Amino acid sequence: MSLFTFVQIRVFPFLQRHLFFLQLSLTLIGLSWIFILPRNEIIDRLHVSESALLPGQVNTYFENRYSKTVSSSLTAANTWSHLDASVGTNTMYDDLEQIFTAMGLPTQKQNYSINIPGSEFNGSNFITTLRAPRGDATESLLLCVPWKDHIGQYNEAGVALAISLLKYFQGWSLWSKDIILVIFDDPVYGPSSFLTSYFDQTTPYISYTPLKIRSGSIQAGLSLELVTTENNSDVLEVLYQATNGQLPNLDLFNTISRIFMQHFNYPLRLQGYDFHANSGSSYTSRLKSLWMGMLTQAVSNVTSAHALFPQYRIDMLTLRMKVKDPFSFDMFRFGQAIESTFRSLNNLLEHLHQSFFFYFILDHLHFISIGNYMPSILILAASFMLGAYRHWINHEKKIDLWRPFSFWLFSIFCTIAAYYLVSSSTKITVFIFLYLMLTFIGIIFSTFMTSEDAELVLSYDLMSKSLFISVVSTLNFSLSFVVAILLVPLQFISFRFNRRLSLLFAVLTYFSTFIFLCSLSKILNGPLVPFWLWAKEYELFNSWLMPSVFMILVLPEIIFSVTSFFSLWNEPSVKTKTKTL
């Protein structure tokens, strides 16, 4: 007997008889894969792949002799924060124009207006550029400083340090790339309007003053948030997740980590956990860091300036530190670290590309590459496809396949329409109305559907989920994995055995959307209903992954779980003779 014949006669029939157990095995393997990733045998050590960076290999000279410049900048920033409530940023931008014009640098105040349904915002950015003495204005580096962070805390030390550094940088002739300094009045709307105008894009929601100051291709950049708070902290928090789950090149983080930790002895905060230069990490801490990184990447909400730049092929990080008193903060130590970072980025001959763009950072020493974590979601997608096949082979041959397919397709359209209807409001009553409306649609469908129709609808649904999860995982692994976990009960609904257990799975699937929203509310520290937030980010920031996944993967399960529940409930008895489990 040939191998092909053996597989066809023996293996395939055996697998077909035990599809349910094979599907269950794949699901357990896919879910447990994540718990293997933080082990020492799997993780990789962080290292700089781009040899041209040479992080920390230069002498820094931003020292106490520049204390007069730093002191005057801090005094001015403190004055601007006191005047902000009455005159806004007008006084600050006027003073900045005088400062940089006296230095011989071009300046511009860019006004912009954000208009979307339910929200309107008017603001302005300040832009200046230090031309490279040894460059030809074809490449540049970016230094961004939001005047306030996303919760309204002033960034006095950050603005003062940026002014002092640009004055200091002007005295050196080693720069081969222009240095663009942008000060935003808002950490989200400001970068959005700046990028839209810098790349000559048009959008119906943003109107802005055209940029007169331009430079070459932006290679990389940093955003400084040295926010003034009641508590002082010497820990540097590094933010790197961007919209749609995008990430900057890993070499940018490696450069920051090596310079700030090894050369200037700053502790680093990643995903809410602090790490010191000489400290290690345990399996438990790495697992917690991995989960927090996955949740943050899955949400991909825009709260800092760096989040919008990777979609324009600009590698960007936000460096955040809490400063109780800007005048007692060690500006020179932090400024030397920024100087060393920009000196390293100045060595680049091309865009960062040698290292990874898909990864999870576990601590200051280790990360997980895409080749190690992707099998988990692909195994889960395979289990969904097996579930679709299990329901498919059980249908009667003479049944009209277009009928259940039409039900499935119409359910998707109803869900998308319902999402757009409620995306302009944050009231909880709107969310309840959405839930009840989709539930009512599911009840209506169940009155016209037989159990065979419901089983085929479930087959179509699982097949589409498998394909969509596989595609989304290549763009945002975390989001696809979280959604796959929420949909696990759906794939174990069975019309052939154990009706009570299948009814329980249908109920769990029905409430999975509510659980999903509550989890997001905890992560975002915001309202229970983030529909309006997602719609705003979709229109302004091209953040399309979350709303599209929610419309296509999560909300339809309200309808499908209801139809499956009532089809199972109305079934007179569980079938005992089945083709397969």
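Cβ atoms here come from the backbone N, Cα and C positions, even for glycine.
The topological domain 'Cytoplasmic' annotation in Swiss-Prot covers 1-17 (among others).
Per Swiss-Prot, transmembrane segment is recorded for 18-38 (among others), and the stated evidence type is sequence analysis. Remote same-chain residues near the transmembrane segment (18-38) are listed as 283, 286-287, 290, 360, 362, 368, 372-373, 375-380, 382-383, 386-387, 389-390, 481, 484-485, 488, 491-492, 494, 580-581 (criterion: CB distance under 8 Å, separation of at least six residues from the stretch ends).
Summarising the annotation, Swiss-Prot assigns topological domain 'Lumenal' to 39-366 (among others).
Per Swiss-Prot, the feature transmembrane segment maps to 367-387 (among others); the stated evidence is sequence analysis. Remote same-chain partners of the transmembrane segment (367-387), defined as residues 6 or more beyond its termini with a Cβ less than 8 Å from a stretch Cβ, comprise 19, 22-24, 26-27, 29-31, 33-34, 37-38, 42-44, 46, 250, 290, 356, 358-361, 462-463, 465-467, 469-470, 473, 477, 480-481, 484, 487, 491-492.
What Swiss-Prot lists as topological domain 'Cytoplasmic' is 388-403 (among others).
Taken from Swiss-Prot, the feature transmembrane segment covers 404-424 (among others), and the record attributes it to sequence analysis.
Residues 407, 411, 414-415, 418-419, 421-422, 454, 510, 513-514, 517, 528-529, 531, 555, 558-563, 565-567, 570 of the same chain lie 6+ residues outside the transmembrane segment (428-448) yet bring a C-beta within less than 8 angstroms of a C-beta in it. Residues annotated as transmembrane segment in Swiss-Prot: 428-448 (among others).
Taken from Swiss-Prot, the feature topological domain 'Cytoplasmic' covers 449-467 (among others), and the record attributes it to sequence analysis. For the topological domain 'Cytoplasmic' (449-467), DSSP puts the residue distribution at 17 helix, 0 strand, 2 coil.
Counting same-chain residues at least six beyond the ends of the transmembrane segment (468-488), those with a Cβ under 8 angstroms from any Cβ of the stretch are 27, 30-31, 34, 244-245, 293-298, 300, 358, 370, 373-374, 376-378, 380-381, 384, 509, 512-513, 515-516, 545-546, 549, 552-554, 557. What Swiss-Prot lists as transmembrane segment is 468-488 (among others), and the listing cites sequence analysis.
What Swiss-Prot lists as topological domain 'Lumenal' is 489-500 (among others), and the listing cites sequence analysis. Within the chain, the topological domain 'Lumenal' (489-500) has long-range Cβ neighbours (under 8 A, six or more residues past its boundaries) at 20, 23-24, 27, 383-384, 387, 391, 394, 451, 454-455, 458, 461-462, 465, 506, 508-509, 512, 557, 560-561, 564, 567-568, 571, 574-575, 578, 580-581.
Annotation source Swiss-Prot lists transmembrane segment at 501-521 (among others), citing sequence analysis.
The feature topological domain 'Cytoplasmic' is assigned by Swiss-Prot to 522-548 (among others).
For the transmembrane segment (549-569), same-chain residues at least 6 beyond its ends with a Cβ under 8 Å from one of its own Cβ atoms are 407, 411-412, 414-416, 418-419, 434-435, 438-439, 441-443, 445-447, 449-451, 453-455, 457-458, 461, 464-465, 468-469, 472, 479-480, 483, 486-487, 490, 493, 495, 499, 502-503, 506-507, 509-510, 512-513, 516, 534. Feature annotation from Swiss-Prot assigns transmembrane segment to 549-569 (among others).
Residues or ranges marked as topological domain 'Lumenal' by Swiss-Prot: 570-581 (among others).
The motif 'Prevents secretion from ER' annotation in Swiss-Prot covers 577-581.
When the topological domain 'Lumenal' (489-500) is classified with DSSP, helix, strand and coil residues number 5 helix, 0 strand, 7 coil. Beyond its flanks by at least six residues, the topological domain 'Cytoplasmic' (449-467) meets 381-382, 384-385, 387-389, 391-392, 394-396, 399, 401, 403-405, 407-408, 411, 487, 490-491, 493, 495, 552-553, 556, 560, 563-564, 567-568, 570-571 of its own chain at Cβ-Cβ distances under 8 Å.
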